[in-house]
Amino acid sequence: MSEAPQHIPVLVNECLSLFADRNPKFFCDVTLGAGGHAEAFLSAYPSIVSYDGSDRDTMALSLAKERLEKFGNRVHLHHASFEDLAQNPRENVYDGILADLGVSSMQLDTLSRGFSFQGDDHDLDMRMDTSKGTTASEVLNTLREEDLGRIFREYGEEPQWKNAAKAIVQFRRHKKIITVRDLKEATTRVFPSYRLRKKIHPLTLIFQALRVYVNQEDVQLKVFLESAMRWLAPEGRLIIISFCSSEDRPVKWFFREAEAMGVGKILTKKVVMPTYEETRKNPRCRSAKLRCFEKKSS
């Protein structure tokens, strides 16, 4: 596969339609990526005078800067995690906030980042922000079997979590797990034969779990959800796109709790998913789920 980064924003039309009845002025995109959603919003809504875009990934920010340059001073870019953004003292500001969770096609296709199980000879890094933090390789070589099992179970919901953790610990006794190939070799006998025959790679859930743990995505998401409600202007709308149940579940329950407490209302009573046409063009979006919450008027 090519190392050339690609970026295919998902559920773009569905995101845009959630603001069809209004003219947003201030927008916040906390997972800017290469700027696909940002470009769509800025083009569709000339009313947006300030689009704050942030990301932990400096490579993504560089691409977004180039892509969004045509919008001039309407765009403001920031290198920041959700926890960094939580320090933002702003309240009741944004008409719209967008979070597109998980890993992007661009990150998957840049095999040197270690997010994809297709890059056999590349190191298992998996950090969104490569300037700091622990790599997936370091996690695999240092954590106890019990802790690895918990990660695979909680963050990947991997049925073979116990066997996978055991196999990894046994393998690293004679060889460190550095590359994608090493992890494949370590887990070669973990998965039942029917998993090996499926289109979805058997290591998908293990990779997901490692990525979530390495980037503390569960902690980051909790911090973001609490901050977003503070940032939203009255009648402001929060859109969250998730790609797995460990991301979608906390969003769903947070929205339900916020609605029950009178903070606002859930606009997507049924989760919004990609159309057949979109999944045909971009198979990676097949598991995407969109939820939207509107803050009360006052």
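Please read every residue number as a count from 1 along the shown chain.
Heads up, the Cβ atoms here are built off N, Cα and C, so glycines get one too.
Swiss-Prot has this to say about the protein:
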type    : residues                                          : note
BINDING : GLY35, GLY36, HIS37, ASP55, PHE82, ASP100, GLN107 : S-adenosyl-L-methionine binding site
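Counted over every protein chain shown, other Cβ atoms within 10 Å are most numerous around GLY35 among the binding-site residues GLY35, GLY36. Secondary structure at ASP55 (S-adenosyl-L-methionine binding site), taken from DSSP and collapsed to helix, strand or coil, is strand.
Sequence-distant neighbours of HIS37 (S-adenosyl-L-methionine binding site) (same chain, 6+ residues apart, CB-CB distance under 8 A): PRO9, VAL12, CYS15, ASP29, LEU98, ASP100. Spatially close to ASP55 (S-adenosyl-L-methionine binding site) yet at least six residues away along the chain are VAL30, THR31, LEU32, GLY33, LEU61, ALA64, HIS79, ALA80, MET128, judged by Cβ distances under 8 angstroms. ASP100 (S-adenosyl-L-methionine binding site) falls within a strand when secondary structure is assigned with DSSP. The S-adenosyl-L-methionine site in the record is lined by GLY35, GLY36, HIS37, ASP55, PHE82, ASP100, GLN107, and its two most distant CA atoms lie 19 Å apart.
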